[in-house]
């Protein structure tokens, strides 16, 4: 009900101003939609490499779960490899993310 009242109030204000008037909300909404599209494109670029980078994590976790208790060394090694792989993948993701968009590249080159 509150949202409906807010929308009707905004609609009445737009009608009072006239059909040709543009308010700040329209401009900010357009900017927000453009920004959302840029972010979605970046997420799409990272989806494939992110899925490939997570395969070793699943392999090491499966090795830990499936190996018998007698193979302590190999089970502990798989735990260490999961931690190590997460650290490496995080650093690589940060580097790739900073160079994925021209705005981030400009900021990175300033550093």
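Placed from the backbone N, Cα and C atoms, the Cβ positions cover glycine too.
Nobody curates TrEMBL annotations by hand; they come from automatic prediction.
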For which of the residue intervals 21-42, 43-64 does TrEMBL record transmembrane segment? 43-64
Beyond the flanks of the transmembrane segment (84-100) by at least 6 residues, Cβ under 8 Å: 42, 45-46, 49-50, 53-54, 56-57, 60, 107-108
